[in-house]
Amino acid sequence: MLVWLAEHLAKLYTGFNVFSYLTFRAIVSLLTALVISLWMGPHMIAWLQRLQIGQVVRNEGPESHFSKRGTPTMGGVMILVAIIVSVLMWANLSNPYVWCVLLVLAGYGAVGFVDDYRKVVRKDTKGLIARWKYFWQSVIALVVAFSMYAIGKDTPATQLVVPFFKDVMPQLGLLYVALAYFVIVGTSNAVNLTDGLDGLAIMPTVFVAAGFALVAWATGNMNFAGYLHIPYIRHASELVIVCTAIVGAGLGFLWFNTYPAQVFMGDVGSLALGGALGTIAVLLRQEFLLVIMGGVFVVETLSVILQVGSFKLRGQRIFRMAPIHHHYELKGWPEPRVIVRFWIISLMLVLIGLATLKVR
């Protein structure tokens, strides 16, 4: 919005051209989302407490979690508001990639909101029925996937980028839609599974978003894309603004979500953030990079799949409890230790992922 306004004001005073610079807009996008999130936090927490919208804790979970019962949840609303407002202010709104991410953020946020509402307001422990949750996730993902395919059909925007092989970039055709669908839905649910401890999901989300901000900048720059042997995608650079908004909103939320948490993001936050990261990865043609940088989300998801599969096939559990962060809690690790170690691993994986862009 401000980009469009600045273009017209620059005719009167050239100083307004600063609003067209990507680096400037990336910084102020981060700061805007951070300030909005920090400002909304106390008001959101107080409002949720008045409405008695508190976390539901399972009796079969770790005993240390019983003290979390009643902690305000659905705080992901403030994350989404901060991101969306910041992006609408600082991004070029004529860019279709920006709208693809915003659609997933809003759509998955709505699905998560209904799920949380049923759990904490209607006291329905199951929340939104699983098949309906998956149905709406699928509808939104397919709408966005087909839209992205229509935008980038038969261009580098629909090629598959394989790590370590600079000359292996097959054109996917309609398989692009299927891949986009699985990445968006899968990442959304992976972040949701990870969101089980104070600050555990939000910091890896911030790290991955920061990593993708760098990738988006390189992908949208013809010279750097050529240097790194990744596809040059014309619309990609504007995703930097989206990524930095996620970073800012995430850091602002962490202020209140760090141990011991004053508020939880709930499904409204985790489903939306995961879906956004998946969408960004698809738009940048970096699905494999997402697997590396988002390795914490991948391991959390695999631990659940392995646990359920092992119990159904052998009648035995691999872990004391899944997702795997609960396994370490039950081994006696204090919650802050689990959280910080997962953060460190996440940061390492993001750096390794970025390094793979050069190892080709």
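Each Cβ is built from the backbone N, Cα and C atoms, and glycine gets one as well.
Residues or ranges marked as transmembrane segment in Swiss-Prot (evidence: sequence analysis): 27-47 (among others).
What Swiss-Prot lists as transmembrane segment is 73-93 (among others).
Long-range contacts of the transmembrane segment (94-114) within the same chain, counting only residues at least 6 positions beyond its ends with a Cβ under 8 Å from a Cβ of the stretch, are 4, 74, 76-77, 80, 83-84, 87, 128, 133, 136-137, 140-141, 143-144, 147-148, 151, 184, 188, 192, 235-236, 238-239, 241-242, 266-276, 278-280, 283. Taken from Swiss-Prot, the feature transmembrane segment applies to 94-114 (among others).
The transmembrane segment annotation in Swiss-Prot covers 132-152 (among others), and the record cites sequence analysis as its basis. Proximity of distant same-chain residues to the transmembrane segment (132-152), defined by a Cβ-Cβ separation under 8 Å and at least 6 residues beyond the stretch ends, is recorded for 96-97, 100, 103-104, 107-108, 111, 115, 158, 174, 176-178, 180-181, 184-185, 188-189, 233, 235, 271, 275, 279, 282-283.
The transmembrane segment annotation in Swiss-Prot covers 168-188 (among others). Beyond the ends of the transmembrane segment (168-188), by six or more residues, the same chain brings 104, 108, 134, 137-138, 141-142, 144-146, 148-149, 154, 156, 158-162, 231, 270-272, 274-275, 277-279, 281-282, 287, 290, 294, 297, 301 to within a C-beta distance below 8 angstroms of the stretch.
The transmembrane segment annotation in Swiss-Prot covers 199-219 (among others). Beyond the ends of the transmembrane segment (199-219), by six or more residues, the same chain brings 22, 26, 191, 225, 228, 230-233, 236-240, 243-244, 246-247, 250-251, 253-254, 257-259, 261, 265, 270, 273-274, 277, 280-281, 284-286, 289-290, 293-294, 296-297, 325, 338-339, 342-343, 346-347, 350, 353-354, 357 to within a C-beta distance below 8 angstroms of the stretch.
Under the heading transmembrane segment, Swiss-Prot lists 236-256 (among others), citing sequence analysis as support. Sequence-distant contacts of the transmembrane segment (236-256) (same chain, at least 6 residues past either end, Cβ-Cβ under 8 Å): 22, 25-27, 29-38, 41, 45, 75-76, 78-80, 82-83, 86-87, 90-92, 95, 97-98, 101-102, 199, 202-203, 205-206, 209-210, 212-213, 216-217, 219-221, 262-263, 265, 269, 273, 276-277, 280, 283-284.
According to Swiss-Prot, the transmembrane segment annotation covers 263-283 (among others).
Residues 161-163, 183, 186-187, 189-191, 193-194, 204, 207-208, 211-212, 215, 274, 277-278, 281, 317-319, 322-325, 327, 342, 345-346, 349-350, 352-354, 356-357 of the same chain sit 6 or more residues outside the transmembrane segment (288-308) yet have a Cβ under 8 Å from a Cβ within it. The feature transmembrane segment is assigned by Swiss-Prot to 288-308 (among others), with sequence analysis given as support.
Feature annotation from Swiss-Prot assigns transmembrane segment to 338-358 (among others); the stated evidence is sequence analysis. Residues 163-164, 197-200, 203-204, 207-208, 210-211, 214-215, 218, 228, 230, 259, 289, 292-296, 325, 328-329 of the same chain lie 6 or more positions beyond the ends of the transmembrane segment (338-358) yet place their CB under 8 Å from a CB of it.
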Which residues, given as numbers and ranges, are at least 6 beyond the ends of the transmembrane segment (73-93) yet have a Cβ under 8 Å from it?
1-4, 25, 28-30, 32-34, 36-37, 40-41, 44-45, 48, 53-55, 99, 101-102, 105-106, 109, 112-113, 116-117, 120, 238, 241-242, 245-246, 248-250, 252-253, 256-257, 263-270, 272-273, 276
